[in-house]
Each structure stands twice: as C-alpha cells, then as structure tokens.
Amino acid sequence: MKIHSVKVPRLYKVAAEVAKEVGEGIGSIKTLVYEKKKKHPNIKAIYAIVSTLFQKYEEIETLLKRSQLLIKETKLNPWLAKVLIVELLWGKTYLPGQSKPENTIRAYEQIFKAHLSDSKVKEIEHKENDNKPRYVRINTLISNLTEAVESFREEGWVLNRFLNKNDYKGFLETVSSLKGREFMIDIHVPNLLVFPPKTEFYQHPAYKNGSIILQDKASCLPVHILNPPPGSTVLDMCAAPGMKTTHLAAVLNDQGTVYATERNPRRFEVLNNIVFASGANCIKTFNKDVLDCTKADFPDVEYILVDPSCSGTGMADRPQENEITPSRLSSLTGFQIKILRHALTKFPSAKRVVYSTCSIMSEENEDVVRQVLETNYNFKLISASQFVGETWHSFGSSDYGDIGKFCLYAKPHSDYTNGFFVAIFERLQEAEENQFFNTRIFNFKKHVQENEKWKLKKQRKYKQNLIDKEFSKNDVHQTQDKNEKKNIQNVYINEDCEQNDKCNDSKNPNQNEVIPKYKQKKKKNYTGDALTEKIYILDNTASDRKIRKYDEESEKYEKIGILQNGDNQKIKRKKGLTKSEISSVAGHDNLESIQLKKLKNKTTKSFERLENLTQERIDQKSIISNNKKSKKFKQAEVALERGIVINDRLVAVKSESKINTKKNKEQNNVYEMINVDKKK
C-alpha cells in the first residue's frame, strides 16, 4: 500500500475543521465541537485537542516559523499540521497512523523538541485554573435533585454537605478541597452540583439522556437572579447555544412561555438541538434579529434575559490569539447598549430585565449599564446581593459608584467559576425614581434625536419639492404646447369655414333653393373677437413672465421699505438711488413714497409695452391670415373659372350632339321614304 493512499484519522480532520472555524471567529470551541458531533462522536478528544492548540498557539506559531514547515511542505494543511503537532508534543506524544501528513510531522519531531528546549523560545502558559471545579445542573424537566443525588451515591460518590449558606468563604474552602469521589450541592443556585476539577461526564448515562447538563455556575447566575415564576412569559434575546434557555424552562417548571431568538442560522440550529434534548415544551425558538422585534412579536413579555455577544475575556477556554482590539471593543459595546435599551423600551409589560456578559472588562459591563441608566426613566438598578447573599465578595468597580456596588461579578480566581457579570433592572413603581437618571444627558440625546428626525424630514421635503417642480415644469410646457396647437388649429378652421362658405355660394347661385336639414353642415361660429382672443392667448405666456418679474420687483420695493435709515448702502445697491435722493430722505415715509413713485412709473411703462406688444402680434397674425386667405381665394377663383370653362365646353358638346342627332333622324327618315318608293 502506498503511503499517500493512507487516510488521516477522522478525529484529526474534524479537530482541524473546528480549530479553523474557531480561528476565523465563527463560534466558540464548545459550540463548534457540539456541531461536529455527527461527524465524530468523541467530542471529548476533539475538545481537548482544540483547547490545547489555542492554549499553546504562540508556541506552535514559533515552531512553524523556525522549522519553516509550511514553506517546505506547501501541500500540508496548516490547521491539520497544528493539530498533529499538539497531539505529538502535548497529547498522546505519538501519532498512530501512517498517512503522509502524520509522517511529515513525525519527521520534524526532533526539530520541534530542540526549539522547545531552546531558552530563547518564549514559554507562555494558558492553563485553566486547577481549582475550578466541575459544575453539573440537574435538568428538573427530566429528573430532580433527590433522584440525581441518589444515583450518584449508588455509583460510589460521597455527598459532602455544607449547610451554612451565609458562610461563602467556608463554602469556597470546602469546594477547593474536593477530592476523589466527593461532591457538593451549591449554596446559591438550586439544583446545581459541584464535583472535583476535571471530572468527566461526557460518557455518563445521565449526560447522554439529558438528565444532567454541564453548565458553569457563573452561567447559571443570570437565570437564577431573573427568577421568573411558573406561568410567566420570558424573552431570551440572544439564546444560542441554549443553556440559559433550557434553564429558564426548568425554573418555570415548563409552565408559561419562553421566547428564544437567535439571528445566526448555524447557532439557531444548535439552539434547537439543545432545546429538543432538554425535553422542554414551553420554549418557542425564532431565527430572527431581536432588534427588529417589539411587543407585537412577543406580547405580554414580563421577564427579559439579555446576554449579548461580548469579548469573552472571562471564559477559561477562550482562544488566546483572539486579542480584543479597540475597534472591536467599541463595536461590541455599541451593540450591547443598543440591545439593552431595546429591552428596556420596546416591551412595556416587562417587570425585570437581567443583563449579563462573560466578560471581565468594565467597558462592556458597568459602563454599558451607566450609559443606559442615564437615559432611561422607566427602570432602576437593584442590588444583586439580595439574590446571592451579603457574603458574596465580587462586585463592580468602585470607579462607577453605586452602579458598581449594585452589579455582580463572578471571577475565576476568587469564586472558582468562569468570569461573568450580571446587572438587574426593575420597572419603577409610582413615586419611584431612577437615581442614576441624568436629565441633562437625556435632554441632550432627545434633542439630538429630534434634530436628526427634523433633518431627515427636511431632506425628504426638499427632495419632494424638487420632484414637484420638475413635474410642474413639464406640465406647463405641455399645456403651453397644447394651447398653441389648439389656437393655431382654430384659426385655420375659421379660415377654412369662411372659404367653404364662399365656395358654396359660388357653386350654388340659386340662393332661394331650400336645402334639407339632414344635408345641412353644422358650422361653428368663429367671430372676429374670438379670433383676436385666441391669438392673444399665444402671447399670454410671454406677458405672464414679464408680469411675474414686475411683481417680484414690487415685492423687493416693499421689503426695502422696511429697512431702517442706516441701511442706505443696501437701498442704493438694490434700487439704484442717488446719494442726493438718499440724503434728502428725512424718514421712512419719504423713502417709501419715492420708491412707490418709481414703481408706478415702471409698472405703467411695462403695461404700455405689453399692450404695444400684444397689438403688434395681433396685427401680424391678421396680416398673415389675410395673406393666407387671399392666396386661398385666388386658388378658389382659378378653380371656379376652370370649372365654368369646362361646363361651357360640355354645353357646346351637348348642343352639337343634339344637332347631329336631329340631322341623323332627318336623314334616316329620307332613306326610309326612298326605300318605300322603291318597293312600290
């Protein structure tokens, strides 16, 4: 068998696919590993390889650069090479197969180890906190706490009871000392069990049938604090992968409604799979952007969970190469503020809203809460200590005053969980106030919003006016053209009618003959006055334009009359007054009278010009029409003369024919008489 025909083990191929997608920012390791479950069932091994790859990412990059592996082996898949390096150096420490990629990596083994032992290689450790325990949430939709504890006891696990719920420090000490087959019940979150670090449950029957869910304690805190009673209507605004969504259904005891939205199609598919595995019936999933949704989409929502996308700086399994840039952080905080404001303003029935992130950066946490509270007068921020007890010692930054005191943190080194942030908002009752509401900022933002709306409205109005002007111009030109055509047609119709009348008179010399009504042609009465009026219409457009100009000038005169005496230069510039006229003006009335006189003189001259112009045009039209008439009359006379000559000729021909017929008859009679005589 040839070496290149040996296939790479499927485990490494799937791990390389997951690593590539995590590196491209498509999803988290857990989510993507769960998606690849159908391709390879050993998700534990895939998760371990990919997690180690990103923990040792900088070291692997250094090895690839120094060995020039990817430069020499151009056909080798980079992500597959990284997976095989992880397995060779930090995993099994050997590669079991004989495929070409495995043999290539195996050939570089000594080079890799030499570079690792070199003191110049930067050692970077990204290990999970060894004190972080394994948390298991009981899915109360399938099982309950008593049954789960008894089943673990039957397997040989020993329950370590801690009864003092107010002694958080003592609880943490007990958790950190868990060893072997010991486990505990959490003192904050109901139905949550605590096991020693690195306890494996992927092959456990309870995990496979959905009775237990592997969920970190910090991830359970938002739902525990929201605490909707059974029968409530809840909205999970960023639901995927679905751990908190199924936790909400369990808290509701599957009574009520949980609306779960996710806009990403791939994450939406994962959400549906987890919801189906949980056995929940009250969850309704929607593949849509929650920012486009309002109370009409999700009516009567009383409790809202807002867990938006964040930097993930609190997660232990976060890829270390995904550094948060200022631009990335700015876009994240902008989205977080937007979605939290949406939750607090678009659902009027909401009583409580919980905002949470898996970030430990104040820009995504306290600062987001501050900006939202400063512009919202319907909700207040309440202290999280009433839900976790006074002994909880991880709260917000003191730089944000009471906002920091009211918000809750879960930190890896102090609380033995992933890093998490939680803030609780409740709707104000009558006579209550939001102590963080800033009237000045609210009014400023309101003013900015109104100003933007006004600008948009003005732009739309301006565009509409431009469109209307264009249409009006086209309409005016069209109507003018139509009127001119109609007027010209009417003039010619009048001429033709008169001409036809004359022709008929010449053809019908017997005027006394009565013509039947059905043979009479209807004629329109075109008088001389109507003709002049129609010709005058042709000049209307030009005259109207001039009149408009004079009207505008008169308006300017009126405006100038309002000016004070100090505006002499403006008056001079606009109306052309001389210095002597300006100096002679004693007051506003004299100035106005001078201007009115000039205006009257100009208007009288303009109307005289207009009358002269219209009279000239009328004369021109009449001359043209007379010329046309004379030409047509001449043509008609010639035609009549020709017709008379033809008629005379026809009469002569007829008379000749009659004479000939008479002669022929006489000759025939003579011939008949001769024939009769011959016979006799």
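The backbone N, Cα and C atoms fix where each Cβ goes, glycine too.
Look at TrEMBL and you will find 124-428 tagged as domain 'SAM-dependent MTase RsmB/NOP-type'. Annotation source TrEMBL lists S-adenosyl-L-methionine binding site at Glu262, Asp289, Asp307. According to TrEMBL, the active site, nucleophile annotation covers Cys358.
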For the S-adenosyl-L-methionine site given as Glu262, Asp289, Asp307, which other residues of the same chain have their Cβ within 8 Å of the site's Cβ centre?
Asp236, Met237, Cys238, Ala239, Ala240, Thr261, Arg263, Asn264, Val290, Pro308
Run through the Cβ atoms and count how many others sit within 10 Å of the one on Asp307 (S-adenosyl-L-methionine binding site).
24
From Glu262, Asp289, Asp307: binding-site residues whose CA lies within 10 A of Cys358 (active site, nucleophile):
Asp307
Drop a 10 Å sphere on every Cβ of the binding-site residues Glu262, Asp289 and tell me which sphere holds the fewest other Cβ atoms.
Asp289
Site diameter for S-adenosyl-L-methionine, Å, by largest Cα distance between Glu262, Asp289, Asp307:
14
Stretch-averaged pLDDT - the domain 'SAM-dependent MTase RsmB/NOP-type' (124-428):
91
